[in-house]
Amino acid sequence: MSPQNHEQVVTQAVMNRYVNVEKTKRDVLTALQHYRGLGPKLDKFVFRSGTSRYLLCLEGTIPVTYKGATYNIPICIWLLDNHPLSSPMVYVKPTPDMLIKASRHVDQNGKVYLPYLHEWNPNSSDLPGLIQIMIMTFSEMPPVYSKPKTAQPPGATPYPLPYPTNSPGYMPMPGGPNMPYSPAQTGANTVYPPYPTQPGGYPPSTTPYPVYPPASTAGYPPSQPPTSYPPPYSAGGITYPPYPSTTSSVPTGQATETSGVTGTSTTTSTGTITEEHIRASLISAVSDRVRAKLRDSYGGSQAEVSVLRQQQADLNQGKIKLEGLISKLEQEQTELDKNIRVLRDKEGEIKNVLSRLSSATEPLNVDEAVTTTAPLYKQLLNAYAEDQATQDAIYYLGEALRRDVIDLDCFLKHVRSLSRKQYQLRATMIKCRAKGNMAG
């Protein structure tokens with residue numbers, strides 16, 4: 001299917017079904033661009049509760065390099081309608097000629113369990129990264145193996161199957177004539193070395209390990225993807241390798257070496273285990289154990305570094321906030337010290353005035369206590385004081401009339417005189433304010 005058809009299928013599938021249409025479409029098209037063995041389709045998915053829903057899935061094969069050979073592992077990735085908020089559901093879909101090899105990453109039903117899925121982050125996780133993690137995981141522990149063949153035509157040319165076979169107790173060990181092999185249970189003269197004990201870091205599995213493909217032409221050659229691929233995918237600072245080429249199922253040198261091994265074992269197939277067998281088995285076991293421990297140590301170190309970097313970023317942010325608070329406190333402290341000095345100076349002036357007044361022998365004249373800086377202000381002050389006194393006199397005249405202290409004629413006579421004076425005083429204040437450019 002061409003990229004244009006892919007985009008059309010994805011657009012029709014996510015439209016009116018998915019919450020984040022653009023993000024889902026961009027993520028799917030990026031994965032399809034870098035992994036040409038996958039194709040999109042809209043299919044019905046049945047949940048454990050019995051409910052079904054039409055979801056977008058990426059179905060096809062991904063290239064996995066195992067023991068020097070490249071195999072195509074069939075998978076199916078289902079995207080929920082709130083992608084990328086929820087992690088995808090990944091399944092291994094073996095063909096009728098394959099069986100699922102259960103491990104800590106794949107169960108008997110083919111469901112894939114990975115830390116990348118468990119720790120799915122909508123902001124940093126994507127489908128290309130998930131597929132790359134699956135390729136790395138399956139290259140160490142293949143999720144499928146070919147069904148063992150019951151009969152083998154004599155004189156057949158060795159040809160590897162597209163998926164590792166699973167014969168009890170043996171593992172594919174591509175090697176040269178310098179590595180003798182013990183007889184395998186294939187009914188032919190081809191022999192293979194025994195696989196070492198279970199390497200550390202993995203739980204024991206009841207399913208036998210896969211063996212090197214028997215010398216038969218009835219294999220399943222891997223699919224032929226295009227010979228040219230886009231450059232490595234980059235997301236979030238992580239660079240993924242380009243889609244590997246599988247134009248040749250097995251290198252010529254490997255086939256030659258296998259033929260050479262077969263010829264050697266034909267002349268020395270005594271069925272005994274030599275020191276070379278034990279040496280090769282020990283080297284393989286130690287290598288697997290060291291790789292597992294290094295991988296676990298590297299993963300733990302990366303997690304610790306990530307946590308420490310996050311803590312460093314938080315501490316730097318806290319440092320910036322603290323420096324801002326300290327600078328603000330210093331400014332407030334400076335302003336407070338300045339205000340304290342001003343208040344102390346004013347306090348000293350008040351004490352000097354009080355001491356001078358207390359030492360004065362003559363009594364204080366209240367009328368002279370308040371002075372003005374200009375004659376205009378003095379005239380305004382005197383007019384205001386007389387106006388307030390006139391207002392008080394009118395009030396008390398009213399109280400005297402109410403209590404029958406004075407009669408009505410006397411009240412009207414004095415009120416008329418005081419009102420005229422009050423009018424003149426208020427007119428004077430208005431003129432003084434206008435003259436001095438003061439508000440009303």
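Note: Cβ is positioned from N, Cα and C throughout, glycine not excepted.
Automatic, uncurated: that is what TrEMBL annotation is.
Taken from TrEMBL as is:
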COILED    315-346  coiled coil
COMPBIAS  193-213  compositional bias 'Pro residues'
COMPBIAS  245-269  compositional bias 'Low complexity'
DOMAIN    5-148  domain 'UEV'
DOMAIN    374-440  domain 'SB'
REGION    190-228  region 'Disordered'
REGION    241-269  region 'Disordered'
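Distant neighbours of the coiled coil (315-346): none; no residue of the same chain at least 6 beyond its ends has a Cβ under 8 Å from one of its Cβ atoms. Residue counts for the domain 'UEV' (5-148) under DSSP (helix as H, G, I; strand as E, B; rest coil) come to 42 helix, 48 strand, 54 coil. Each residue in the domain 'SB' (374-440) gets a DSSP state, and the totals come to 56 helix, 0 strand, 11 coil.
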